[in-house]
Amino acid sequence: MEEYTKAEILIEALPYICKFHDQKVLIKYGGHAMVNEQAKNWIAKDLVLLKYVGINPIVVHGGGPEINRAMEKMGKTPEFIHGLRVTDEETLEIVKMVLIGKINGDIVSKLELYGGKAVGLSGKSGQLIKAKKKIQYLMKDSQKIEVDLGMVGEVEHVDTKLIDILVEKRYIPVISPIGVDHQGNDLNLNADIAAGDIAGAMNAEKLIMVTDVDGIMDDIKDPSTLHRKLTISQIEGMIERGLITGGMIPKIEACINALDKGVQSVHIVNGKTPHAVLLEIFTEDGVGTMVVRE
């Protein structure tokens, strides 16, 4: 009976394997979902399996918790505005050290441990991400004021040629969110927003944001308030009502941006759920919150 059940589970995945065969799926691997060792193993196995059944995962990773720890060790206090890290020159060097120097290589090694072929990149590789300094505005006393985030960028252009070559050669690209401006200066990119831009440029079928929450909820402390499916207009209403704040704001911005650029659906899932990526792609009910245009 147990063997029959296993076979049924495999057969349930068949329509989705057919549907998404040779499609690109952008996986945004969030900082908080990378802390748990078991969760890291689940995600790596999921991505390798996707590749072997003919689906093309592309990874963009963050690293917020490890960046925070590195900053604190160096006597710096992390500062955020609307979920975006304020980045001076010293902070940018720490960000690059952690993202490019440590986390990217760790993810590549984990994927290769489970039989995948992976290549670590940053937005600097092959002029992958051209960026410009981000101008951030806040409302204060009913007035719009400009806030200086420092060396924080936003994506101007994604050159997909290098990613296309790697995908064609059966590699899993793993991308650190560091961009370069037209003067050759490095800029810190929010990983969620960069993932949305890359997903759109790559014509990805899905963007899956792996984080440490179950999805979009009215009350983060009450799992029963989880939304299984939302449209852009519904999300915009939640922002207006103050139900979406802090670090979830860049995720939502990335969702909307990716959908506007042609991605069919965006999914926010909890990386601490065993094999969340496989459950999202290969089961009828999926997991987390799905966001669609309308």
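Easy rule for this one: first residue shown is 1, then count along the chain.
From the backbone N, Cα and C atoms, a Cβ is placed for every residue, glycine too.
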Practice problem: Out of Arg85, Arg170, which one does Swiss-Prot list together with Gly63, Gly64, Asn188 for substrate? | Solution: Arg85
Quiz item: Residues with Cβ closer than 8 Å to the Cβ of Lys251 (site 'Transition state stabilizer'), same chain and 6+ apart in sequence?
Solution: Asp192, Met209, Thr211, Ile268
Quiz item: Which has the fewest other Cβ atoms within 10 Å: Lys28, Arg85, the recorded positions listed?
Solution: Arg85
Exercise. Within 10 Å of each Cβ, count the other Cβ atoms and name the one among the binding-site residues Gly63, Gly64 with the highest count.
Key: Gly63
Quiz item: Per the record, substrate is bound by Gly63, Gly64, Arg85, Asn188: how many Å separate the farthest pair of Cα atoms?
Solution: 12
